Amino acid sequence: DFFYTGLNVPRRTSNRLGVNVTLLTADSIPGLNTMGLSLGRVDLAANGGLNPPHHHPRASEIFYLIKGTLYVGFITANPTHRLFAKILTAGDVFVFPLGLIHFQWNIGSRQAVGFAILNSQNPGVVTTANTLFGAVPAVLSDVLAKAFQLDVATVEYLQQLPWQNP
């Protein structure tokens, strides 16, 4: 209940986004139950691996980069939508406040690896594009077209993509 092995093993990043997130919550380590903690290993492929814009509805996150070079950031809420971003190298840490959309993008020529520490045993994750364009049933294309100031054909194209969580 209080042990997990293998978090040191690199994960495959051969998907469309070039990312693999191994999240350890109370589901994988029952001893975390009621502790208010979870941990994730984030592997990002060289030259553009992306942990896409997402947020955790029940947790703040501190991200510690152990290998590679990432461009990371978060966006504040209404009304300012201010971007806080930084280029991280090995040994750097970045904080993502509770509930704000954030991302990690590998801008380096080698694989990057970091650890996300979250202050919830069940932080949840809402991947922004997947949620909006991959909803089942689909959000009306007119709604998304107006919200994103796109034509309906572009929205319908995006809705047909094979959305999946990283």
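Heads up, the Cβ atoms here are built off N, Cα and C, so glycines get one too.
These features come from TrEMBL:
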type	residues	note
DOMAIN	5-156	domain 'Cupin type-1'
BINDING	ASN51, HIS56, GLU61	oxalate binding site
BINDING	HIS54, HIS56, GLU61, HIS102	Mn(2+) binding site
Query - Other CB atoms within 10 A, centred on HIS54 (Mn(2+) binding site) - result: 21
Report task. In whole Å, note down how far the CA of GLU61 (oxalate binding site) lies from the CA of HIS54 (Mn(2+) binding site). Result -> 12
Query raised in the report: Taking the center of the Cβ atoms of ASN51, HIS56, GLU61 at the recorded oxalate site, which other residues in this chain have a Cβ no more than 8 Å from that point?
Result: GLY40, HIS54, HIS55, ALA59, PHE63, PHE96, HIS102, ALA116, LEU118, PRO123, VAL125
Report task. Between GLU61 (oxalate binding site) and HIS102 (Mn(2+) binding site), find the distance joining the two CA atoms and give it rounded to the nearest Å. Result -> 10
Report task. Give the sequence-ordered set of same-chain residues, not counting HIS54, HIS56, GLU61, HIS102, with Cβ within 8 Å of the centre of the Cβ atoms defining the Mn(2+) site. Result -> HIS55, ALA59, PHE74, PHE96, LEU100, ILE101, ALA116, PRO123, VAL125
**Report entry** Predicted model, mean pLDDT over the domain 'Cupin type-1' (5-156)
**Finding:** 97
Report task. Output, ordered by sequence, the same-chain residues six or more apart from HIS56 (oxalate binding site) with a CB under 8 Å from its CB, or 'none'. Result -> PHE96, LEU98, GLY99, LEU118, SER120, PRO123, GLY124, VAL125, VAL126
Report summary line: CA pair ASN51 (oxalate binding site) / HIS102 (Mn(2+) binding site), Å rounded to integer, equals 9
Query raised in the report: For the binding-site residues listed here, ASN51, GLU61, which shows the highest count of neighbouring CB atoms within 10 A?
Result: ASN51
